[in-house]
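Residues or ranges marked as transmembrane segment by TrEMBL: 40-56, 68-87, 99-119, 140-159, 165-187, 252-274, 316-344, 356-378, 384-406.
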Amino acid sequence: MHGKLLPLAGLYLVQGLPYGLQSGLLPVLLRARGLSLTRVGLAKVLYLPWLFKLLWAPLVDTRGSLRAWLMLSTAALGLVCGLLAASPPAEAGPAGLPVTVVGLLLLLNLGAAVQDVALDTLAVQLLEPAELGPGNTVQVVAYKLGAVLAGGGLLALVPTLSWSLLFLLLAATYWLAAALVWAAPALQQPPSSGPSEPVLHSLCLLQHLLAMPGTLWTAGFVLTYKLGEQGASSLFPLLLLDHGISTPELGLWNGVGAVLCSIVGSSLGGALLARHRQPVPLLRSVLGFRLGGLACQTTLLFHLDTPGVRLGSSTVLRGAALLSLCVQHFLGGLVTTTTFTLMMHCSQLAPSALQATHYSLLATLELLGKLFLGTMAGALADSLGPHLCFALFLALSGMPILYLSLAPSTLA
């Protein structure tokens, strides 16, 4: 099993680099420049290519080998990073970044999304049912570790290293990963167990996918399970910045400390799943803990807005705010690993010729739910105020707990 997991871990790590760059680095830098919460949230539009994975997932299923798709997409990511190294943002446009850099970041997400389809499909086909828990732990932990390196790590290194050198290092990392794909025998695609099925298209394909056992329920769950958490995690660090926490300190806690807590939570989720815990019963417990943690964070936010309350450098309140940030990421990591195991189990129920497209559908819906609230959180805070926003996030976090009672027997 380790022969499979080690190369998968390396590839998932480099896949997390664009996410860390755009979720850990850009929002803090843009807010520090004075941009409104609405405009900071709109920077998440850079993730748009991830929402169109279903357009190329059938090609990955049927054209060429997964190894070739992985190698070419990873090498292309290195090329885009090389172009970013040659395009330092000397003058920012109205959105806070030059148009050239925005275009290259969109291409970076496009390459990462193509790589994601091929890598997830390979994992679905390589891992045995008993390996899903450890496999999804490796997937989530390695991805988040890549996000830490490119998010909090870049925030710490930006004063020391130039923009060009940082992206040259990222380019070299991607090209090394492409060499890993070419050299690792464990990434050989297993032979098909039967004749391939004809590829369906557009609406017919979507109807066929949704008719797979448990798919319709799983699609509804992954679309909604992160709504409240994502809204709160997008907004809370920026509100701490507004209350006086410095950019470097916030980068350390939100870009490194909180994500490391998320990795610990993901690892715990994998350990529980490896001990034959079923995903649906485990989710019932951890979603309840997550709701309680968000309630504490909301109470803390209300207290921070009390007149005369300040986040001093050594106050208990400051420690409680940063602890709340870490606890929510820990619980979020636990929820994510369990949910991704549920998604992969559901995709294994589909025919092998459709597994890439099936998993891409679930992953696209999962991202759509996170991206929607992550993008709209700033606009909601600017229009409704943080208090009403977090009350909404609490309600949205309670919905998945009720939805779990409708889980089909094929998944429960």
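Using the three backbone atoms N, Cα and C, a Cβ is placed for every residue, glycine included.
Where the annotation comes from TrEMBL, it is an automatic prediction and has not been curated.
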Stretch-level contact, the transmembrane segment (68-87) and the transmembrane segment (99-119), CB cutoff 8 A, at least 3 pairs:
yes
Should the transmembrane segment (356-378) and the transmembrane segment (165-187) be scored as in contact, given a threshold of at least 3 Cβ pairs under 8 Å and pairs 6 or more apart?
no
For the transmembrane segment (316-344), distant same-chain residues with Cβ under 8 A (at least six beyond the ends):
123-124, 127, 132-133, 135-137, 139-140, 144, 218, 221-222, 225-226, 229, 232-233, 236-237, 240, 245, 253-254, 257-259, 261-270, 272-273, 279-280, 282-283, 286-287, 289-290, 293-294, 296-297, 300, 303-304, 309, 359, 362-363, 366, 411
Do any residues, 6 or more residues outside the transmembrane segment (40-56), come within under 8 Å Cβ-to-Cβ of it, and if so which ones?
22, 26-27, 30-31, 95-97, 102, 105-106, 109-110, 112-114, 116-117, 206, 234, 238, 357, 360-361, 363-364, 367-368, 371, 374-379
